[in-house]
Amino acid sequence: MSTASQHLYKRRRLINATAITISCIAALFGLFFLIWILWTLISKGLPGIGLDLFTKITPPPMQKGGLANAFFGSAIMCLLAIVIGTPLGIAAGTWLAEYGNTSKTSAVVRFVNDILLSAPSIVLGLFVYTLYVMHTGGHFSAFSGALALVFIVLPIVVRTTDEMLRLVPGQMREAALSLGIPQWKMIIQVLYRSASAGILTGILLALARISGETAPLLFTAFGNQYWSSNIFQPIASLPLVMNQFASSPYKSWQLLAWSGALVLTVFVLLVSLGARTLLLRNKIPNE
């Protein structure tokens, strides 16, 4: 090997080693802060975990209580948002993938959907406040909070459904249509079955996303210190209670905020892991 080749080889090895070192340092840097955040969350939230947390409502200052009404309110609004947003998102994604795939309208719809996907959640909350809350006499409610969350669920489900249906091999469509099956029946019985894991993954990721949203609920659900099961009345939610209690001077409220944050983090982690596991186990072949 000539001197020039040896010099070039050593230079490449040095650059490679430097790049690997920088990458490892960057990964460790991010991992360090992730572990720090999780440790802080566990150390401050774990002491407040108990039966009272899930069975008692939010207490007055300096008194013991729980977050039962907040858990219930969040569950109600998330469930309503998923129930309303999922069928609309699947229908829109199906149209994009199967009916309007080559039209100019579909390109516009995808562009608008991408904008909605990246829109700040507080803007969506203000939109629902202007569109619905103000026209009902400024009446905050769980339903208006769910409507705000629908606009977060919708673009996620639309994008996921569109992508998953387009991943289904074209041979499956051709085989079904060659048997004389109508297109709508082919979509329901063939495409949806093949893409069901991916679509369900998108729904679960949307659920994980809306579970921790605070900003859109400030202008819609507003919050409630008491137990309420009426979806047309103000209702408590876990993110709103955490926001209020974490900034308060009362240690009992701060402990509840940390405990609620821990429960929410564990829930989102489990939902995200479940969604990714489901997707990995049911990959759609590209051939």
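Count begins at 1; order follows the chain as displayed.
From the backbone N, Cα and C atoms, a Cβ is placed for every residue, glycine too.
These come from Swiss-Prot:
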DOMAIN    71-275  domain 'ABC transmembrane type-1'
TRANSMEM  22-42  transmembrane segment
TRANSMEM  70-90  transmembrane segment
TRANSMEM  115-135  transmembrane segment
TRANSMEM  138-158  transmembrane segment
TRANSMEM  187-207  transmembrane segment
TRANSMEM  255-275  transmembrane segment
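Taking Cβ pairs closer than 8 Å, the transmembrane segment (70-90) reaches residues 54, 58, 142-143, 145-147, 149-150, 152-158, 160-161, 199, 202-203, 206-207, 210-211, 217, 221, 224, 227-229, 231, 235-241, 260, 263 in its own chain, all 6 or more past its ends. Between the transmembrane segment (22-42) and the transmembrane segment (255-275), the number of CB pairs under 8 angstroms, six or more residues apart, is three or more, so the stretches are in contact.
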